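Features as listed in TrEMBL:
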- 34-481: domain 'Peptidase S8/S53' (DOMAIN)
- D43: active site, charge relay system (ACT_SITE)
- H119: active site, charge relay system (ACT_SITE)
- S444: active site, charge relay system (ACT_SITE)
- 560-655: domain 'Subtilisin-like protease fibronectin type-III' (DOMAIN)
Amino acid sequence: MPNTLYELTTTRTWDYLGLSPGTPKSLLQKANMGSSVIVGVIDSGVWPESEMFNDKGYGPIPSRWKGGCVSGELFNASIHCNKKLIGAKYYVDGYVAEYGVLNKPGNPEYISPRDFNGHGTHCASTIGGSFVPNVSYLGVGRGTARGGAPGVHIAMYKACWSTGRCSNADILKAIDEAIHDGVDVLSLSLGARDSLSPETDVIDLTSVGTFHAVEKGISVVAAAGNDGPGAQTLSNVAPWILTVAATSLDRSFPTAITLGNNITILGQAIFAGPKLASVGLTYPERPLSGDCAGLAANPKNTMQGKVVLCFTADLNPTSTAVKDAITAVRNARGLGIIIARNPTHLPIPSRHFPCVMVDFELGTDILFYIRSTRFPFVKINASITLVSHSVATKVATFSSRGPNSISPAILKPDIAAPGVNILAAISPNSSLNDGGFAIMSGTSMATPVVSGVVVLLKSLYPHWSPAAIKSAIVTTAWKTDPSGEPIFAEGSSRKLADPFDYGGGLVNPEKAARPGLIYDMTIYDYVSYICSTYKYNDVSISQVLGNKTVCPKPKPSVLDLNLPSITIPNLKDEVTLTRTVTNVGPLNSIYKVMMNPPIGVSMTVTPDTLEFNSTTKIVSFKVRVSTRHKVNTGYYFGSLAWTDNLHSVVIPVSVRTQIL
């Protein structure tokens, strides 16, 4: 099979999600911090000396564990592994076959499980880092750092390298060994840029590998990708994967910019000071360039000793244009930079050099001030940390969006979690490092948040299938932020978030532990999905699945796959589909249906009441969906919920009318 390349997709989080260790009956306490679970992380390696990987208070390694640690460059398996970090391996053959030997002078790297760039360390510590008190980053904020499941056992499978690339062949080998070693959960903060191949196509080996993991009962959590906000930009779209989008937290870093006319504007930065007091402010006017991407072409003396304002239309929050602008002003011995751009929530950390983000409106106000006086000047204060309800939650601009271009009837992403300005452990080699910690952003950072929640659920319900855990997370998610405010989706224009932005919503760990009903599936459901979706013969499907498979005739409808969502991409008149729910709540329960149909769509559910008792634990229902639209439409969104006095089991509904 041809090899392809994947890319790495790159606190306050757990309090924000209501997962506090101080509450006696919390999920964290009930799950014993995840201490019975082993999580495998396929990433760029681990920095084992980080305090977040200390094993103080750990009991014995689970007896079912068959893995181990492999020594290599600056990594001693007998020293660097412990009862927390119980596995550490590396895979480079696929990468070398594609690119040749790693070019160490150009891309320094450790040929071992040791992490050079810090991505894997950050992700692993977000999942299960131990408690580390009194952590600050660049002097902004201070508190205790920890992972979502601080008692979990971690196994690192290094298949990604300092170039930011990961060979699909290496990833597949890592998955294969993780299955053999005995992991319970797999976390993959990586993805291909273009999901152009069906899940069973030979090009997408990772979906094949994760299929076999799920077949063994291993939950697989993976990043949606960082190619948003455009539509159909998702990675990891197979239905057996729990695909994660990224949101902001209820935390921001307001930074006061006071102009010479005594007007104060609040931007966003991670700047600990010292503050700048009454320094010159400039905007390079024509023939010079005020475009952030063109600052390097300006004479250095036009920026020396001043704060520089520039504008950029680039939506990528860490684009080359922004980095080049910062470098250009620094090289010119400028004192700071104010970057006007589309709204994002990604301030760039900087030491002793303020890099303040403002939107175009505020940037224009600053520009008008500069043009109003011969000697403009500015004061920039150190950033402060603001948390709680005054800061709204948003789907991040970079977070990849649906619909699913491979299988439009499969909703992706599945869920969203905080992935903006996440503080966790890092490699000392990283330029972001401050005392062994760094703030990073990406769906890479959101993925381990959900992986941590999956670890806790797996600890609480060890016999639940990956589909059951996924259902519990999706059907209990917040549709608003925890304070009750609506969740918006950032982009070229801001809008209310919909299922193609955040799937079921924002992950709600405590409610996910009490879902009431679950939409469960076995591996045979996924086999039926493959049979229903692709024009492969039984032989080719058998080769991929590893055993002889005969597809049923007639082929099943992909709309009947028992997902915790309903997505109909081509509704012409009407269609009837089936879902099945399993009661995991109180034995004797009665649920009634509540519907919020998409605009112009009618929904009828039969039966409209579900009754469960000691003998009836699984019930199926049918949903008839019809359209009143007379023309082709885009997608409209709604929901279907089952409610009793304790639970509300909600699935998103997405329907597009296609008359022609």
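Just so it is clear, glycine is given a Cβ too, placed from its N, Cα and C backbone atoms.
Averaged over the domain 'Subtilisin-like protease fibronectin type-III' (560-655), the predicted model reaches a pLDDT of 97. With a 10 A radius on its CB, S444 (active site, charge relay system) counts 30 other CB atoms from all the protein chains. Across the domain 'Subtilisin-like protease fibronectin type-III' (560-655), DSSP assigns 1 helix, 61 strand, 34 coil. Put simply, D43 (active site, charge relay system) is 7 Å from H119 (active site, charge relay system) when counted between their Cα atoms. Its Cβ placed at the centre, D43 (active site, charge relay system) has 28 other Cβ atoms within 10 Å. Cα of S444 (active site, charge relay system) to Cα of D43 (active site, charge relay system): a distance of 10 Å.
With a 10 A radius on its CB, H119 (active site, charge relay system) counts 27 other CB atoms from all the protein chains.
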